[in-house]
Amino acid sequence: MHRGPSLLLILCALASRVLGPASGLVTEGRAGLDIVHPVRVDAGGSFLSYELWPRVLRKRDVSTTQASSAFYQLQYQGRELLFNLTTNPYLMAPGFVSEIRRHSTLGHAHIQTSVPTCHLLGDVQDPELEGGFAAISACDGLRGVFQLSNEDYFIEPLDGVSAQPGHAQPHVVYKHQGSRKQAQQGDSRPSGTCGMQVPPDLEQQREHWEQQQQKRRQQRSVSKEKWVETLVVADSKMVEYHGQPQVESYVLTIMNMVAGLFHDPSIGNPIHISIVRLIILEDEEKDLKITHHAEETLKNFCRWQKNINIKGDDHPQHHDTAILLTRKDLCASMNQPCETLGLSHVSGLCHPQLSCSVSEDTGMPLAFTVAHELGHSFGIQHDGTGNDCESIGKRPFIMSPQLLYDRGIPLTWSRCSREYITRFLDRGWGLCLDDRPSKDVIALPSVLPGVLYDVNHQCRLQYGSHSAYCEDMDDVCHTLWCSVGTTCHSKLDAAVDGTSCGKNKWCLKGECVPEGFQPEAVDGGWSGWSAWSDCSRSCGVGVRSSERQCTQPVPKNRGKYCVGERKRSQLCNLPACPPDRPSFRHTQCSQFDGMLYKGKLHKWVPVPNDDNPCELHCRPSNSSNTEKLRDAVVDGTPCYQSRISRDICLNGICKNVGCDFVIDSGAEEDRCGVCRGDGSTCQTVSRTFKETEGQGYVDIGLIPAGAREILIEEVAEAANFLALRSEDPDKYFLNGGWTIQWNGDYRVAGTTFTYARKGNWENLTSPGPTSEPVWIQLLFQEKNPGVHYQYTIQRDSHDQVRPPEFSWHYGPWSKCTVTCGTGVQRQSLYCMERQAGVVAEEYCNTLNRPDERQRKCSEEPCPPRWWAGEWQPCSRSCGPEGLSRRAVFCIRSMGLDEQRALELSACEHLPRPLAETPCNRHVICPSTWGVGNWSQCSVTCGAGIRQRSVLCINNTDVPCDEAERPITETFCFLQPCQYPMYIVDTGASGSGSSSPELFNEVDFIPNQLAPRPSPASSPKPVSISNAIDEEELDPPGPVFVDDFYYDYNFINFHEDLSYGSFEEPHPDLVDNGGWTAPPHIRPTESPSDTPVPTAGALGAEAEDIQGSWSPSPLLSEASYSPPGLEQTSINPLANFLTEEDTPMGAPELGFPSLPWPPASVDDMMTPVGPGNPDELLVKEDEQSPPSTPWSDRNKLSTDGNPLGHTSPALPQSPIPTQPSPPSISPTQASPSPDVVEVSTGWNAAWDPVLEADLKPGHGELPSTVEVASPPLLPMATVPGIWGRDSPLEPGTPTFSSPELSSQHLKTLTMPGTLLLTVPTDLRSPGPSGQPQTPNLEGTQSPGLLPTPARETQTNSSKDPEVQPLQPSLEEDGDPADPLPARNASWQVGNWSQCSTTCGLGAIWRLVSCSSGNDEDCTLASRPQPARHCHLRPCAAWRTGNWSKCSRNCGGGSSTRDVQCVDTRDLRPLRPFHCQPGPTKPPNRQLCGTQPCLPWYTSSWRECSEACGGGEQQRLVTCPEPGLCEESLRPNNSRPCNTHPCTQWVVGPWGQCSAPCGGGVQRRLVRCVNTQTGLAEEDSDLCSHEAWPESSRPCATEDCELVEPPRCERDRLSFNFCETLRLLGRCQLPTIRAQCCRSCPPLSRGVPSRGHQRVARR
């Protein structure tokens, strides 16, 4: 830049003030006006003249214009001011053209040929006050602005006083200050939108125009200086607002700011705005209509500026773009004011019709509006529109949709704007900007605009002449606030650069800096080239590029931008892409598949566009609407898809690529494909196919790969057709599959073949090259006159003839073997030579001949038909009801052995075969058998026989069939036979409660359980010997049962539980141990004659009840234990398990149990009845239910430890004893009884143990023992009972000896075993060498009481495994029995484990007489050896069948019923019964997951009615039955022809109203109902048909002039004819004939009424 801004500053300020306020404003609102008389002086202050025009002296030896000085002096407020000013030579260039137009004519035109000397810049000096700059114009007095003591002063000649010779001209001086009213914040509105898209037709014109400029187009991305030669037009509103003298300076100031914006480095290109012409319109132009409607104004202005533009780009006044500045309030699309600030055509620059814009004058921000619209002309889109440079909420840019001025941030160009304008220039669309303007251009002022226009002036430009700056509102460099009336308003823009913001400070780029500070201009410099980028494509021809930036340094402060190449490109990745890969354009289109278009997602496919090959045009795959998705495709995209070309797109421009794959190299191939070749290696092959006969497709010849200049043509016209196929016989390029295609271009083997058919003559041409061999075929329809073909290929380098090459090739496929459905096609083999074509098979090698091919072929679907299966056997062998059935389906044949079933409706058009037919009805059936009633059962209980009579009823003539004779006898089973028993408790029977009240609550717990009733009201006997007192039984109370109770009375439990299926015991076995087996006991029936009760279900909420169980009728010896070998029974718990006491893993069952140990053993034993105190009976009150696996878990031993806790295991060996319910470890969920082998007698197994195994020297008991029922469980071995070395000897007395005392007993238990009580103090041998047995006389029987911890040597505290259990004994007495031996009584062992793990089972115990001989005890009072036991229900999950899937496709679900049931009778249980077992099976599963298929719909059939509302139907089927969504099933019918059954009926045409000269014919038109034949009153019912014409012209020919007959006189009287004439009747022919004298003939010029057209309706 030149070094002149500092000098230009004052002179431009002077010019601004000279062109400042309009006339008449000098004295308005000015305070402190002072009259001064300036004079011109010399440098020393000496007077020179009263004439103020500066005189310039020039030296002849100075060739260039030099600035001369001028000095002025004046007295102001007693101070002498001296102005030192200099001429500004840079304000306007020579040749400046300023036109003033009036009434559409050139009122004034001024061409500046020299720099005027009256525009001065300088300073003012005062001896005392601080001076400042001055900008003064002395062309007509002194006008301008100067600074004094940091205040602005204006000077102007005094209005109305002219200069007088010899006298100083008076001037007025006043301060420049605005109103200091209280500032109020006002509303501010953002600027409106702008920009106008180029219409498609004009865009095509641009493309055509640009193609004509190809010779000037730059082929690389080069940064080159661009000069925008600009025409600026200010309309009459601008002149009216600013005043004619001031508008020129104002426009130049605005354009100077615009030029500065385009010099900002953010634009990325060196662009200069140069004004070549300025037009000021004082009046409205005739051809330029400026209105509020911005689009119409822009259209008018573009047309007007084109007409006045001077042709020829070299002319000094030729402009590249035109700018209209107006004070009209513009609106984009309506003729009324709104918020639009400007409008322009996008990418319209350099186009003669589109390079124009309109901007609304809003004051100093007008510069940003002009720059914004010029940006649109450069092809820049709004930030955020189609790009990612949205500025809302972020930094504003010049191209923001709305011009928002951020506080303190200058407006610059965004990154997207830089890319848009660079692409515009690189595409060659700015060719008109390359020429540098001539020297005769308008020079723009370089002074900052704020120096010329202070804040008050800027406010007046924005809001009117009465607006002033609002002080103290905000930093003026950030936001300019102006007064409008009594409030302050702002357009949120900052004051322009150069505006004073404080003492000796001004605004510069939004900041307040010291005055006069202007940063030094820095010219830009190129950076180094970047590394080559990645290739734009992974295959095919791509592009990679390298760039450099103008960043070293970045141009600043109006420094020059870099000039030169900024981007270079080269090709890369030359290998071709695989043929099955989508094209590069297709890939770019598919990137928009995930974006919504018109509310839906689409799959986009490319659309070729040869007019704009480097734009991305795509369309949805299911639509034909084409959209331009990108302004430019990715670099490396081929320009054309429809033709062979190497040209690629680069920066949106189609670049030519030579055969050497260098951009713009110009290298070309010769006719056989040699790059830069001369054709010397080319060879043309020419052949003719002359076979005249053929059938179907016949091979003619082979065109090899790489062939060029291909020509195939028929020698003469014929009805045959040419076809092209690949080496794969299934792949046809043209006219394959017996289908003839249209004329046109077709892609074949990588090239384009042009198919032409004129009449019956066909030919094919292609430039080539072919990428694969192509077979030429002829589809014979008649005799072949001959086919000629030729092509050009490259000759081998050694110029030798190749030997013939023979190979097998497959021919075309034969016709399908079926006419419908699926058939078979076969493909034959031919022997082919590479160039000769088909030859005899003998030339090919028969050893490598491949097999002929075969494939399925699908023709049209076969029509549906009925299919009937085989007849089934007759349902009756005789009689009238015999029927035979068969399956009948509607099927469609899919192949030779494949059919598909269809809906029955598909075969409705065919008669359906019979599915049923009568059969065997002629056969007479034999007579039937008659049966009598069954007799009574032969027994009263148990199993018996019943009978009936059978007779043949002769109801037919045929005898009865003996094979069908019914049975006459059958078994009958009554209730089991009961036997009498003395039962203590008869209060409960059966299942459930004896009380009428039932408690079904799950958690119901009775506060007090009622005791059982007493058997008799006799006094309580005294306990003697080993009899234990038993308390009297209380009356019965309520019994609580589970909701799901179990009645097992139907089960026959009156069988021998001791034998079961085993043998009877042998009497020889009953002889050991001093005790014998009891005799056979026959039970008696229960006194109450009630069914045997069952216990409540284990695990239920209510308490389990021990009723009076009926004993088993047969009890074997195995039911007894040896005398003295006792087993303690586990006392069940009566208290509920709390949540804290429940062991881990145990089910929360909530059953009751009793505390352990009991308070007294007396509670357990009591005499059976009076008179027999020696007999014992175990008390079975309702508080002692049978032991359960779960109730064992919280039992306590005598030391308080819970039973079932494990300890270090003792050596184990099974021993014969009765099992007790096993204890359960904390992790067990159900009992697991040990399984043992059972024999037929207990004694047989016990004797060997005592005699053989229990001998001295044996350290262990036998490991395996076979015992009879009840089953045996393992028990701990008993080492050390008599010491470690004192095992049991043979003959050791049994443990029933009465000499043993409880102090000498030791009790050992193991989980799942019976308690064995053995002597503990037998270490001193007796006289016979055997251990002495302690005397137990007077003590309780062994095993009846637990050994106290303080009296025994081993207790539970020392060994947790040894845990004594309480005994449970029971005896029944009968006074009728003979008296037993003295003190002899029945002794019972512990109850065994229940025979089942769930449901109803049985338990056993050993019963023996205390004397060792059962005969000493009363047999009738023998206690029950067995009873029922009822554990938890046998619960299991039971699943039902899966329901039908809710959806056949698309994801459905099916459900099933899952219940907890009893496995015995399948009764439902509550779910918690099944919780301990396996997890609950799922009751829901997914199904129908396969995707749904779309419904198939056929076309609509013909409407059922022609009118009045009919119905159309169509076929709606699913391709696979059940795999379509039913809710989406399309309708198979719809209404049609809903219009009424009416039509227009017309009558015949009537007679013409005139014989000639134009008449009218009429006819009757009626709307008639076609069903009733009656006319409709409302003609609108026929509106669905066109209205017939009801009249038409007729006799349009002219009437011949016939000389009327000579009229002598009127035939009627004169008066009468006159009367008719006056009445207008002369027009009637009869009247005219009768009154020929009175009625003159009609004039030929008067039209007749026949020409008048009557109304249609």
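One-based numbering along the chain as shown.
Glycine residues also receive a Cβ, built from the backbone N, Cα and C atoms like all the rest.
For the residues ASN84, ASN933, ASN1390, ASN1441, the entry in Swiss-Prot flags N-linked glycosylation site at a single position: ASN84. Checking the candidates CYS432, CYS477, CYS482 against Swiss-Prot, the cysteine paired with CYS459 through a disulfide bond is CYS482.
For the ranges 1073-1127, 1458-1512, the feature annotated in Swiss-Prot as region 'Disordered' maps to 1073-1127. In terms of local Cβ density within 10 Å, CYS459 ranks first among the disulfide-bonded residues CYS459, CYS477, CYS577. Between the CA atoms of CYS432 (disulfide bond) and HIS376 (Zn(2+) binding site) there is a gap of 16 Å.
Mean pLDDT for the domain 'TSP type-1 8' (1524-1584) in the predicted structure: 86. Secondary structure at HIS382 (Zn(2+) binding site), taken from DSSP and collapsed to helix, strand or coil, is coil.
By the criterion of other Cβ atoms within 10 Å of the residue's own Cβ, the least surrounded of the disulfide-bonded residues CYS331, CYS470, CYS488, CYS539 is CYS539.
Fewest Cβ neighbours within 10 Å among the disulfide-bonded residues CYS302, CYS512, CYS550, CYS562: this applies to CYS512. In this structure, CYS338 is the one among the disulfide-bonded residues CYS338, CYS389, CYS416, CYS501, CYS572 with the smallest number of other Cβ atoms inside 10 Å of its Cβ. Around the Cβ of CYS356 (disulfide bond), the same chain contributes LEU298, PHE301, CYS302, GLN305, THR321, ALA322, ILE323, LEU324, SER344, HIS345, GLY348, each under 8 angstroms and 6 or more positions distant in sequence. When the Cα of CYS572 (disulfide bond) is compared against those of the recorded positions HIS382, CYS470, CYS488, CYS507, CYS550, the shortest separation belongs to CYS550. For CYS350 (disulfide bond), the same-chain residues 6+ apart in sequence whose C-beta sits under 8 angstroms from its C-beta are ASP320, TRP429, GLY430, LEU431, CYS432, LEU433.
The disulfide-bonded residues recorded for this entry are CYS389, CYS477, CYS488, CYS535, and the Cα of CYS477 lies nearest to that of CYS512 (disulfide bond). DSSP assigns CYS416 (disulfide bond) to a helix in the three-state reduction. The closest partner of CYS577 (disulfide bond) among the recorded positions, by CA position, is CYS389; the full candidate set was HIS382, CYS389, CYS470, CYS501.
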